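S.K.: Here it is, the structure, as structure tokens.
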């Protein structure tokens, strides 16, 4: 069999077309344009590139991106003050604090200062807790993007055994919670897991979120599994050895073009949703 390609790039483009119409309607009905505020602290080139990509995504659908740049010397107190200022600004519908921030800043305190209704990147503890409990909150952009991709391709999760490899607070942990909420049976594996291969061999769905190139070997994955690779490394490879799975897996997310496009797309999607709730 040939694996179904879960094309995140195509889905992101389709969603952008739909979001453009939503934004046009909001502008016409309310006279306001949805705004995503992005905060970049310091001059890390990779972070600057990510912020630019998010700004470009906003432009493509007619949204505005409010870019807030702060120096590397910024203190926790100064960053908290800026976040509170954006929280209080009714024209701002979403707030993104670009990770990582300089080491002197308490990143967790700053994430948690973002108002729940503007936490469109799903980074607050409150938002994570509400999401895990099945209450209304915006999900972390990457795992939420994965869930949207699986849903778009009608991948069955109910009763399936999903193995998530990785436990980061912005990917592995929320991914496991979202899969659990979708009635999957979930196993979380990490750097201290013993017999990792044995766990993965049992999986109907494998999510690679470990941050190491091709760490998960193709022979560990059973025939007919759904394979989701959330990694990206130089050379265009992910966390999973994908090539040998092209004719064994039921479905795979390509690298690049699978999970990656869905991350920024979900951030924009959730910002438009926040604006719709505010502007009607």
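Please read every residue number as a count from 1 along the shown chain.
Just so you know, glycine gets a Cβ as well, placed from its N, Cα and C.
Taken from Swiss-Prot, the feature NADP(+) binding site applies to 166, 167, 168, 191.
Help me understand the surroundings of these features in the structure.
M.R.: Classification of residue 191 (NADP(+) binding site) by DSSP places it in coil, neither helical nor stranded. The number of other CB atoms found within 10 A of the CB of residue 191 (NADP(+) binding site), across every protein chain shown, is 10.
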S.K.: How far apart, in Å, are the two Cα atoms that lie farthest from each other among 166, 167, 168, 191, the residues recorded as binding NADP(+)?
M.R.: 11
S.K.: Beyond the listed site residues 166, 167, 168, 191, identify every same-chain residue whose Cβ lies within 8 Å of the center of their Cβ atoms for the NADP(+) site.
M.R.: 165, 171, 172, 190, 209, 210, 211
